[in-house]
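A.B. asks: What follows is a single structure, and I will ask about it in a moment.
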Amino acid sequence: MSTTRTTVRTHWVALRALLVLTAVLGLAYPLVITLAGQVALPAQANGSLVRDTDGDVIGSTLIGQSFTDADGAPLPEWFQSRPSAAGDGYDAGASSGSNLGPENADLVAAIAERKAQVAESDGVDEADVPADAVTASGSGLDPHISPDYARVQVDRVAEARGLPVADVLALVEEHVAPRDLGFLGEPTVNVLELNLALATLDGAGVGD
Amino acid sequence: MDVLFAVVQAATLALILALLYRPLGDYLARVYSTDRDWKVERGLYRLIGVDPRTEQSWPAYLRGVLAFSAVGVLLVYVLQRAQTVLPYSLGLPPVPEGLSFNTAVSFVTNTNWQSYSPELTMGYTVQLAGLAVQNFVSAAVGIAVTIALVRGFARRGSGTIGNFWVDLFRGSFRLLLPLSVIGAIVLVVGGVIQNFNGFTEVTTLAGGTQHLPGGPVASQEVVKLLGTNGGGFFNVNSAHPFENPTAWTSLFQNVLMLAIPFALPRTFGTMVGSNRQGTAILAVMATLFVVSLTALTALEASGSGTAPELAGGAMEGKEQRFGIFASTLFGSTSTLTSTGAVNSMHDSYTALGGMLPMLNMMLGEVAPGGVGSGLYGMLVLAVIAVFIAGLLVGRTPEYLGKRIGPREIKLASLYILVTPVLVLAGTALSFAIPGVREDVESTSIWNPGVHGMSEVLYAFTSASNNNGSAFAGLTANTPWFNTALGVAMLLGRFIPIVLVLALAGSLAAQDKVPATAGTLPTHRPQFVGLLVGVTVLVTALTYFPVLTLGPLAEGLS
């Protein structure tokens, strides 16, 4: 029958078209972009990696990290990142938000608990704890905190490290990045970069 | 918070799109109108056995669309099932049958709904040869169908509406590929990764371990947005710092999503020989966009609800570098087009804020909508608007010199019924079938109460409209959702395409009716207002009842 023949022929054309398109768009195109990226912009193409003073890779400036002990308790001598819903926290292999809704009782309880915890450890009023300090980010890998949250943590970090408060505060202000182009997004502080600078400030070195 | 930042951000985006409108729209019109094939294209046409100068009737054009999509589903399915034998699979197991079906359908229908977490499921070869290819070609199919409809309006007494294979190749090679190359480089400059490194284990500053992912992300990211696809390389999509590292890359991603859908009205105007007609359609799209963006931004900035009020702002699920404004802009853009990418988690939006992305999709994604699908959706609504105006004044309705007769109005009416039926039936069945209901409530729903019902409604709205965004708390990798959403995506994509191509065929066959004193002018503000009204009215009447059961109940209680 001619309709059967037409149908078969059309699918045969479709298959060949798809294979041609796959060769160009699925193989050649990404390989060309990879080559261009690796040659012209290797730092970005490979994940904006950060090295310590020994030259070992310790992370990426774009991916947030936990500054907690093995049990997940915050280490007072490091600036803390935002709460994270990626795995057990900042699991870069399992990016995720909490996806909890605005009336979810678990979320409300978690926010109340985080608020109390930050207020206690940093010695501030609960009303002065910024929103980003008590909410999990969309990715669970947010490398940034707000400048306010960084400032809230200054006293605690200075005390834990035996450093003058003024020095730590100056370091924070150095690390405040304004909005992109002056009007896009929000001002940020990159926690990993701040903590790296902190480690060199007191000469205590990495990982103490 | 300073509202000024939100206004300047939106104004910057509007300016960029305004600058692109003419050159990109006219370029598109030339791409799809010229008789000249590139030499390399001629070679490829010979290779696939197609004569590029042969024009097709609408059924032949449709057969091409359906055959190409069927083969596409099959290839993506097979690639996933055969993952273990493919190179660069990162040691991942084969994707299970149900999930493979859902994902194959999802990417071929330009939906990019993801029931899975990509970094734990898909190796690089599946991402590149399966998913990224469909990101290109499903977008090219959408534009091809809309161009066929525009030809229907432009031609007189013609039995044909173009050649699908030529439209497909030109959309892929002359439009999407060059723009993707430029866009991918820009994204890498911003920090988006592009490598084949797999996972790198590092010891963190505080002495923990972290596995940093690699991947050819930039090349896929750009076409995910440019083709209004939305399927992320990573689970959290454009919230992931390796997909969207800065606030400026986020603005750039908005441009990528909106460039083609907002330029297509110009293409339409040029091809039907009256740019004023294109401007009128643009005005309708832009009006709806601005209203929706303003509403969502205001709702999120106000931060109402128990959790946001306690936290001191609606920052749950949002990245610090984006804040509220860059998050709501992205959320609006992504759901008003058919992209469905996210740079913040919609599930955690305020109750009424979370309703906005849903409403955007329920509008039928026409402001400006997906690449291609947005314009054909809007032109169908224009046909309805002309018909209603004709009824009001008692004249035979015409649009662009074409009579809107019983056949045309039947096709248009069926078109606007398809997605609401799928959305409402799918949601209702999820709670009406006893065994399914149990599974949905115990396994799939993440948030208790009415918010859980919103998650299911959101899922069917997203799938049926081929958007792909989610209230991502929903566990959709279950037999029910993989199947039901898969079917919703298929029907929500291809029934409208059948109707649009039939409409194109019937319009192309007509001669032009000369305009008279009684013809309704369709380029004036009056018609723009009418079309905005029709779009909103159709949506409101269809969905208001079900919204009162979900987000309205949550937000107003």
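Positions of Cβ are set from backbone N, Cα and C atoms, glycine also.
Just so you know, TrEMBL annotations are computer predictions that nobody has curated.
I grabbed these lines from TrEMBL:
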{"type": "TRANSMEM", "residues": "B:60-79", "note": "transmembrane segment"}
{"type": "TRANSMEM", "residues": "B:136-154", "note": "transmembrane segment"}
{"type": "TRANSMEM", "residues": "B:175-193", "note": "transmembrane segment"}
{"type": "TRANSMEM", "residues": "B:251-268", "note": "transmembrane segment"}
{"type": "TRANSMEM", "residues": "B:280-302", "note": "transmembrane segment"}
{"type": "TRANSMEM", "residues": "B:373-393", "note": "transmembrane segment"}
{"type": "TRANSMEM", "residues": "B:414-433", "note": "transmembrane segment"}
{"type": "TRANSMEM", "residues": "B:484-507", "note": "transmembrane segment"}
{"type": "TRANSMEM", "residues": "B:527-547", "note": "transmembrane segment"}
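What's the neighbourhood like for each of these?
C.D. replies: Within its own chain, the transmembrane segment (B:136-154) has Cβ neighbours under 8 Å at 28, 32, 58, 61, 65, 68-69, 72, 107-110, 161-162, 164, 167-169, 171-172, 175-177, 180, 223, 226-229, 260, 264, 267-268, 271-273, 370-373, 375-376, 379, 399-400, 402, 497, 500-501, 503-508, counting only residues six or more beyond its boundaries.
Under 8 Å from some Cβ of the transmembrane segment (B:280-302) lie the Cβ atoms of residues 1, 3, 6, 10, 21, 261-262, 265-266, 268-269, 314, 324-325, 327-329, 331-333, 336, 349-350, 352-353, 356-357, 359-360, 363, 366-369, 374-375, 378-379, 382, 522-525, 527-528, 531-532, 535-536, all in the same chain and six or more residues away from its ends.
Here the transmembrane segment (B:373-393) has long-range neighbours at 110, 142, 145-146, 149-150, 153, 228, 261, 264-265, 268, 281, 284-285, 337-338, 364-367, 399, 404, 408-409, 412-413, 415-416, 466, 496, 499-500, 503, 518, 520, 522, 527, 530-531, 534-535, 538, meaning same-chain residues at least 6 beyond its ends whose C-beta is under 8 angstroms from one of its own.
Residues 57-59, 61-62, 65-66, 69, 101-102, 105-106, 109-111, 113, 115, 145-146, 148-149, 151-153, 155, 161, 373, 376-377, 380, 383, 402, 407-408, 411-412, 414-415, 418-419, 422-423, 426, 429-430, 459-460, 463-466, 476 of the same chain sit 6 or more residues outside the transmembrane segment (B:484-507) yet have a Cβ under 8 Å from a Cβ within it.
Beyond its flanks by at least six residues, the transmembrane segment (B:527-547) meets 280-281, 283-284, 287-288, 355, 358-359, 362-364, 366-367, 378, 381-382, 384-385, 388-389, 416, 420, 423-424, 427, 457, 520-521 of its own chain at Cβ-Cβ distances under 8 Å.
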A.B. asks: Taking residues 6+ outside the transmembrane segment (B:175-193), which of them lie with a CB under 8 Å of any CB in it?
C.D. replies: 27-28, 31, 136, 139-140, 143, 214-215, 217-219, 221-223, 225-227, 241-246, 248-249, 252, 256, 259-260
